[in-house]
Amino acid sequence: MNSHDVSPGIAEALRTYLPELTDPELIAHVEERLRAAATEDEGEQDQELPDAPPAYDPSLDPDGLFHDYFRHFAAPWAGLVRHAAAQSPTTAAPQRIVDDFLTHQTGLVSRLMIRTLVEELHRRRTAGRLDGETPEERYAAFRRWTNSPAGHDELTARYPHLFSLVSRQVEASARYVIEIIEELDSVVDRLTALIPGGPERPRVDRLVLGEGDTHNGGRSVAQVLFTDGRRVLYKPHPIGAEAGYSSFVSWMNGRLGTDLPTVAVVPTEHGGFVEFIPTEEYAGEQKDYFARIGTLAGILFLLRATDIHFENMVSCAAGPVVIDTETLLSPRLNLPEAYDDGAASKIGALTLRESIIGSGLLPLVVRSGDDDHGMDIGAIGYDTGQRSPYKSLSLQNPGRDDMFVGMVTTTTTAANANLAVQRATQLPVNDQRDIVKREFGRVLRHAADHPDAVVGAVEEFLGDVQFRHVNQATIFYTQLLRMATHPHAMADPVVRAAVLNRVVLRTGDSPAIADAEVRQMARGDVPYFSYTARSRALGSTDGTVRGDALAEPPLTTVRERIHGLDESVIERELRLIDFSFVNKLPTDQEETGFVPVRPAGKPAVAVGRGRFVDEAVRIGERLLATRVVSTQPRHPATWIAPQVTTDSQSQWSPGTLGYDLYGGSPGPALVLAALARETGRADFAAAARSVLDPVEEQLRGGQLAEQGVSVGGMTGMAGTAYALVVARGLLDEPDAGRLGELARELARCSGAEAGTDFLSGMAGALAVGLALHERATDPAERAVVAEAVRTIAARETEALGGIGPADPRVTPYTGYAHGAMGIAPVLLRYGTEFGDPGVHGLGLRILGAVLDAQEDGDRDWPRVWGEPERSYGWCHGAPGMLLGALMSNEHAPGAVPRPVLDRLAGLTLARGFGNNPTYCHGDLACAEIVGLGQQLVPGLFGGHDRTADGDGGGLDDLYPRLFDEVVERYGQRSDTKYAYTNSLMVGEAGLAWSVLRHLDPGSHPSLLRFA
């Protein structure tokens, strides 16, 4: 990181807190911001600091949570609130207002100070400066110090910014409460519109500030509770959007014959009061509820709404109600040119963001990382009891000197009475979805038929109001604000500024917006930006951020959306609604019920070649129709579909396909290449190349590795390389250097961090390397590939613990895709073909461990060593283990005894079929494995292998029957998640590949074993 005139503190802060920052211009920009922060802090040192708290009184700290300490720093501003409440004719109980203020501010001060106090507690404990025999006594000693003049002076000297920030934020909250009281006094006569049936001049009993994020100087939504028990909400921003939205909904109700409930509002000088919607179960039938959701979805789509997640929609007896409509007419930002402009992935992401999925209304799973199962934040997908994808701070061991602040995973508890998809037990998920689609389509078709009237209504009700732009997900801002409460950040202004300037990692393409984000977070607020319907400017509480921040006035964007509605747009959105419900579809419908052995007495099923090809072509044409094409040839085409990357399939949320073979775009491209060969159609070939050409260039050039793509088997570069080689062969497009360059790249990227298994680790990469070596015919290129294969094998062996590992159970699983049975045969093949007895012996030891894991009782193998769970797929369980056994015996004859093969074959027939249609853990893989077993071990399946007359029970028509009963038009007769994805291993691309492989296995190799 080369920079000029950078102090050691600033350089260290950049390395520590912004290591991802590499752009020289952004580095220089952030350096300047850090220098400014250091200068500003010098002025802060001279600010008046709060008085020391009174002597510690344990009776005021019964929980050991410092609440008495925090309350002390909130108390100086209570006088302002008390005075305003006492002077207000609307306030019935001024002291209640003060108590609510102090309770709220004590919590705010706690969030700001707790980590620093715990750090100081540990500092003094470690130094032996706490008196007492017990942890509780030593905590009390620490508290006596914090409240002493000497302790207070030491703390304020070390953390002047912390105490200054606390004072500023509490003062801002106090002045905000006064503002609300003044607003109440000014409009009290009009509040009866929000609480009909109440007194003419309602009296305020309590004023409760929101516990959520603050904006614009400590402001948050507040609840106003009246003496008769009713309540309204105060929103500290212009509420023209709320009023206009309700008017537009009422207008649409009149046009559509619907009765969606609306929210009454009373605007004020600084914000406005809105009707409080009580959360209640919908009073009607579930089918009517989802019809209302469909209508609401259509309206929100017309208005380009975003951020309508579970916190911003509630349900009452009359139906669902959007309670936060700041984010309508969502704008497109005016961004500088970027490398990924024109990329299909970016086009697809924009399509999703601007679709009904982007509204947040429908089921929508978000994840914090690849290992997180995710949380559904959609308004009708959310439910209580979910694990949050983001950890929270939690104080452990309160009242003791060993207390600490830990990171804990929490479960959701907030209830909103929305009828979650999974709780609507009276209505199957498929029916819920179809009702939503029906009403959504009705709204859009009405708008398509009457575009001028709808646009006119939007302009009338929403054309002159202010909206909010959410530049980044709120959780991103709150995480940065939480990081900024760390003692190091509170003590060092440069560290604090570096933490907050991490926004440039997401907003670096607009430095003015990033600076505005940092300014607002430095005040303790979540950034808040505003815009209006007819302008391109983006504003904040500090004024205009950028006059040309928006690509066009939002009203222009909405006008184009409504006038551009046609049946193709409507059908696209309806398909995306399908995708949003995929991860809610019941799993019990996934069973195909297929029986591999034809019942005795039934004739064999015969399927003509034309019928096979027609089905594969039908799938191919669907791939053509749904492909997202890049406008720049350096970027690959892709598809929008539910995303899957491994057999855990914890997400299934709509997205653009990635670069992996398992669930990414290379799978459909491989199928299209095969269809081009089968049919001679140029459109199939061109579509395949639109993926293959740029992916190959990026893989061979090292860009995929630079993007963090793993080398591993089906979910990494190895599987992608294999797909490229096979597809180029199908398209008859040889390249003299291809195999060598691909193999070298796989070797370069191999390492222990990739893992060791077949699906996502180096066993898969080694299998691909061996396949490339087998295909190489030029001696020089074959030598290059061989050297790469040796490198991969060496790194795999090292990652496994060497040729003599202490425990040959080298993975947590026994099976093929994720486990030891997928590693052993690859090592055996390498050891045989490359003359490496050490690696061959390692393969035998791993294989032996798997065989020894067979349980005595049911004579089956565990999914996890020694555990009771059983599985029956290629990924885990008997079918994949049978595949591994057959492959092992090819390179170590007799290593798997015939009785073991017989047992695995029996389990595969008995349990492997009928579960679902897929390659990964369903019928397609089992059928292929059975076929391989019949080929390599005649008689393996006993009398079922074939019948003399073709009329008795047997396996001779296994695939034709599977095609007839399951594969053909699967998506039209089976409403499961597998019908909605293009994945090779769990979706339609796999169905097509199985057909083509059945017709010509020589040209369409096994993807289950890269052979």
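Yeah, the Cβs are placed from backbone N, Cα and C, and that goes for glycine too.
Unlike curated entries, TrEMBL annotations are predicted automatically.
Straight from TrEMBL, the features:
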type	residues	note
REGION	37-60	region 'Disordered'
COMPBIAS	39-49	compositional bias 'Acidic residues'
DOMAIN	159-530	domain 'Lantibiotic biosynthesis protein dehydration'
BINDING	Cys875, Cys920, His921	Zn(2+) binding site
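TrEMBL feature annotations superimposed on the structure.
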residue: Cys875; record: Zn(2+) binding site; Cβ within 10 Å: 29
residue: Cys920; record: Zn(2+) binding site; Cβ within 10 Å: 29
residue: His921; record: Zn(2+) binding site; Cβ within 10 Å: 25
Which whole-number mean pLDDT does the model give the domain 'Lantibiotic biosynthesis protein dehydration' (159-530)?
93
